[in-house]
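Look at TrEMBL and you will find ARG31, ASN49 tagged as active site. Annotated domain 'Acylphosphatase-like' per TrEMBL: 16-106, in sequence order.
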Amino acid sequence: GGGGGAAMADGEGLVSVDYEVYGKVQGVFFRKYTQGEAKKLGLVGWVQNTSHGTVQGQIQGPTARVRELQEWLRKIGSPQSRISRAEFSNEKKIEVLEHKEFQILK
């Protein structure tokens, strides 16, 4: 195979979306698994624990991949987590990725 394919199909632009996940999501390696899943999907952004027992962060990347991680955050999470709900906000189209990688913030 070959061919240069920097051009994305229509509707395959980049998006940025913020998220917050509720439930038993701290102390269950949720951030580590989220980072692993994001890297597998080729996404960038960050994840951190909040002081009120949730996990929050931002995801950036191709729309379809971001959707996959949103679904993962809503339904799967880390093996020991118990997700009650995931909320997404501030979704917007972006021209370039604003992060270099997917980081776990302290």
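From the backbone N, Cα and C atoms, a Cβ is placed for every residue, glycine too.
When other Cβ atoms within 10 Å of the Cβ of ASN49 (active site) are tallied across all protein chains shown, the result is 18. Residues of the domain 'Acylphosphatase-like' (16-106) grouped by DSSP class, helix first, strand second and coil last, total 25 helix, 39 strand, 27 coil.
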